[in-house]
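Structure first, then comments.
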Amino acid sequence: MAAASASSPTALLLLLLLLSCIAFLCSSSEAYDYPPLADGLSFDFYDATCPFVEHLVRFYLEQAFGNDTGLAAGLLRVLFHDCFVQGCDGSILLDGSAGRPSEKDAPPNLTLRPAAFKAINELQALITAACGHVVSCADIVALAARDSVYLSGGPDYEVPLGRRDGLSYATMETVLSFIPPPTSNVTDLIDLFGKLCLDAYDLVSLSGAHTIGIAHCASFENRLFPAQDPTLDPTFAENLYLTCPVANTSNTTVLDVRSPDAFDNEYYVDLLNRQGLFTSDQGLYADARTQPTVTGFAVNQSLFFEKFLYSMTKMGQLSVLTGDQALLPMAASLLLLLVSCIAFLSSSSEAYDYPPLVNGLSFDFYKSSCPSLKSIVRKHLKQAFKNDVGLAAGLLRLHFHDCFVQVPNFIYPLPHEQLLGASSNDGCRSVQGCDGSILLDGSAGGPSEKDAPPNLTLRPAAFEAINDLQALITKACGQVVSCADIAALAARYSVRLVSISFLLHHLTRTTPWLECMKTEPSSCKFQSGGPKYKVPVGRRDGLSFATRDDVLSSLPAPTFNVTDLLDAFGKLDLDADDLVSLSGGHTIGIGHCTSFEKRLFPSQDSTLDQTFADNLYLTCPVANTTNTTVLDVRSPDTFDNNYYVDLLNRQGLFTSDQDLYTDSRTQPIVKRFAAKQSSFFKKFVFSITKMGQLSVLTGNQGEIRSNCSAINSGNKLLSSMTDGEGGSNAF
């Protein structure tokens, strides 16, 4: 019989199995005891419908943890916060609405890692691609928590499966009632656990999850201020004061000082040495009811592992939905899929708010004259980004640098001879802006905008991409689309396409992704895309470029503080919200050492996270080096909200980045975007649309260049488009 074809899902899934972890299949896991299983749950629930689900989860997380070890603690915490409130039904994943905040929005959940939610979304997409819509988000959360434990060095245990996803989420009051705060004492904890049919043994063993992860100073500052908790080891306390020198700081520290990234029993050793971080931690050793269990786990890791997985299995069955509950029939499943687990699909929607459009611009300007415009740009850039993902940041930056340069000048249109001889009183508006002037080459008469210092680091490949796009568009439609519009569209697709993986283009197909895995597994990354938004078009190309001095005075420098930035943005009628959201463009791309070396030399900026600074010194060991580093240390090639998470952790690269979190005028916005990616996306779309209309030329103003790097010969305006779509009305 012939070998199975390459398109056979079973054959290709077997290939994935080999790629992922052969040891996972062959390992001799210990024989642990498990509590009775809830009706509807079983260890082999998906044997027929998705036999490789556990291997898919483990394979994905092995790769993810290689890039972010902290994700393991984040996923483990998501399961705890899901199960303790309304049971293990995946309701923690649900987004809220304008009228009612979700569980995510409750204070105890605001510090849950966005990357953990993102990982669940991507796992769900991967599993659906392989098996169809058969595995619940609640089960994915449970499996991800198990693998977070195992891949961090903990026990490898079986997870009962068969949960359904809930159709509603708990209120803020319910969350506050069931998530124990870190200030709880043992009496409070035993009482709360008792309400969930969990005992003191479960309390101590489940608290062992604090052997990995980090905590914010605000979670334990009651032990430092106004007076030091006498149960704290003095040396440990001194180190905590270094991290949290005052109350209300946003700094973080590790939960387990001995082995912060390893799942082991060192957490209990910490407690014996009075080095538990939270009141709820150290109280376990101080209280006679729980001290013997702490001591037993501290001296016997196997005992801890055995009890931990038993308690995890108990907790993982709290108020589970099974069988016909919640997600049946299929229509209900699809509804929940849209509103809960695949949160990234909301970013594909164009249901965003937009600012008023400038006269002459519209979303369908080229509907008749170049209907294939968007597909041409998208197709070309999709291929280009596969070869050079850094091009996306280059195109986005080019659009920013084009729009931000404003020069008080003359009212368009003026004949060429009038432009040469006009005085400063002959007009009342700014030129440049989003007019494609950044694309123009210089001349013997003077250097162009490209040649000004802030633009010398713009990627040559970005200019080449605009020229290539213009050639493709002109071939398809004629000379009807301006270079300024091409730059704006390229920026939009840079935001959207840079992080769409091969799999996300084929959510319902198994073969394409597995073929990718077979040939180039390192390129088959799972990332959530940026927002898909509409771009108003109808811009004309400018007839001149700004001077070096104009560029220097218009473009914010990376050394700016928030006061400087607000002043620069204010001159463009952009506010603090616009400043913070547009700065989110730094979620992709790189920065040159010279752009931030003032934070390193002659002395280190005190606002820099020390580990982050140490890594920067490795890249930039001395001043004036030409080296580069990524702008977003968490997800440098993904358009997401991790840039703001960087700022919360004092890992912003430029002064102009980190100061957004330091300054009280912008800090709340940073926090909001860090906590909720959809809020960032929504505001980013609004702000980039505002920016994209700065001093635009429309109608009879400017021209449509035949070559984006040069003004048309003789300055013949508009080519054949004087009477084209969008009208000729100016400002």
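Each residue, glycine too, has its Cβ placed from N, Cα and C.
What TrEMBL says about a protein is an automatic prediction, not a curated fact.
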Pick the one from Glu62, Glu103 that TrEMBL also lists for the Ca(2+) 1 site with Asp82, Val85, Gly87, Asp89, Ser91.
Glu103
Same-site residue for Ca(2+) 2 (record: TrEMBL; known: Thr211, Asp256; options: Asp202, Asp264):
Asp264
Record TrEMBL, residue Cys131, disulfide partner from Cys50, Cys83, Cys197:
Cys50
When you put His81 (active site, proton acceptor) at the centre and draw a 10 Å sphere around its Cα, which of the recorded positions Cys88, Asp89, Cys244 have their Cα inside it?
Cys88
Secondary-structure category, per DSSP, in which Asp82 (Ca(2+) 1 binding site) falls:
helix
Model confidence over the domain 'Plant heme peroxidase family profile' (360-712), averaged pLDDT:
86
Pro180 (substrate binding site) in three-state DSSP notation:
coil
I'd like the Cβ neighbour count for His81 (active site, proton acceptor), meaning other Cβ atoms within 10 Å of its Cβ, all protein chains included.
21
Look up His210 (heme b binding site) in the DSSP assignment and report helix, strand or coil.
helix
Spatially speaking, which of the recorded positions Cys50, Asp82, Glu103, Asp256, Asp264 is closest to Cys217 (disulfide bond)? Use C-alpha to C-alpha, please.
Asp256
Nearest to Val85 (Ca(2+) 1 binding site) in three-dimensional space, by Cα, is which of the recorded positions Cys131, His210, Thr211, Cys244?
His210
Determine, to the nearest whole angstrom, how far the Cα atom of Gly87 (Ca(2+) 1 binding site) is from the Cα atom of Arg77 (site 'Transition state stabilizer').
14
